[in-house]
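Trainee: Here's the feature list from Swiss-Prot:
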- His9: active site, tele-phosphohistidine intermediate (ACT_SITE)
- Glu87: active site, proton donor/acceptor (ACT_SITE)
- 8-15, 21-22, Arg60, 87-90, Lys98, 114-115, 183-184: substrate binding site (BINDING)
- His182: site 'Transition state stabilizer' (SITE)
Amino acid sequence: MKKLVLIRHGESTWNKENRFTGWTDVDLSDEGRQQATEAAEVLKREGYVFDVAYTSVLKRAIRTLWTVLDGMDLMWIPVHRSWRLNERHYGALQGLNKAETAAKFGEDQVKIWRRSYDIPPPVLTADDPRFPGHDPRYQSLTKEELPLTECLKDTVARFLPLWHDTIAPAIRSGQRVIIAAHGNSLRALVKYLDGVSEADIVELNIPTGMPLVYELDDDLKPLNRYYLGDPEKVKAAMEAVAAQGKKK
């Protein structure tokens, strides 16, 4: 049996402000830093060790990973950063408050934009400063790879090459892997691993800063998955994520 650990970054400053973040490179809040520290403590206490780590090119995920590895005395292991693990791009919604957007467009519409599989938020224009083509970290990407908006289906499509070409072979070779990423890039992986339907993925919420463990067979098919930590705390955190797109 092989184990894979996933962790969504700790609470970010825009999570705290209930804003659509996407590819905007905001940092962790004080609470988010504490969540990452607590994740390191529980992983270390449960005896986890990692050989290699994967994360996005966004600082909230990178800093979460750094904090976890530091707390586990594993800062020396290889870390691979990839834009393919970025949060989904929220298009013209990036920077907007979720509750205010729900009040303007309706909770049902915002839930579709946040959680549906194949309906993207409104698109950006290429001259918008939020377009990633203006960011030097993405200068090696092709025009087709630079999103103006993304639905979860798009996020799955950009993530899977990294999984098939890099992460899955590492797990098969016996390496112990941790992935520190984002709510929707991790939803993309969960959908793929568990075969979650397009309808059911709408209700899947991943809380910040809580390690999610997959037990996999030799073909990388899931045998079990569970969060490390207090089940009631995990449940409350998932419900809080689900409530972010509701009017106040």
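Cβ coordinates come from backbone N, Cα and C, glycine included.
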Trainee: Between His182 (site 'Transition state stabilizer') and Lys98 (substrate binding site), what is the CA-CA distance rounded to a whole number of Å?
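Mentor: Checking the Cα atoms of His182 (site 'Transition state stabilizer') and Lys98 (substrate binding site) gives a distance of 17 Å.
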Trainee: Which residues in the same chain, at least 6 apart in sequence, have a Cβ under 8 Å from the Cβ of Glu11 (substrate binding site)?
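Mentor: Looking at Cβ-Cβ distances below 8 Å from Glu11 (substrate binding site), excluding near sequence neighbours, one finds Leu28, Ser29, Glu31, Gly32, Gln35, Thr208, Gly209.
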Trainee: With every protein chain in view, what's the tally of Cβ atoms within 10 Å of the Cβ of His9 (active site, tele-phosphohistidine intermediate), excluding that atom itself?
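Mentor: For His9 (active site, tele-phosphohistidine intermediate), the 10 Å Cβ neighbour count is 31.
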Trainee: Does anything in the same chain, at least 6 positions from Arg8 (substrate binding site), have a Cβ under 8 Å from its Cβ, and if so what?
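Mentor: Spatial neighbours, sequence-distant, of Arg8 (substrate binding site): Ala180, Ala181, His182, Gly183, Leu186, Ile206, Pro207, Thr208, Gly209, Met210.
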Trainee: Rounded to the nearest angstrom, how far is the Cα of His9 (active site, tele-phosphohistidine intermediate) from the Cα of Lys98 (substrate binding site)?
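Mentor: His9 (active site, tele-phosphohistidine intermediate) has its Cα 19 Å from the Cα of Lys98 (substrate binding site).
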Trainee: Which three-state DSSP class does Arg8 (substrate binding site) fall into?
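Mentor: Its secondary structure by DSSP: strand.
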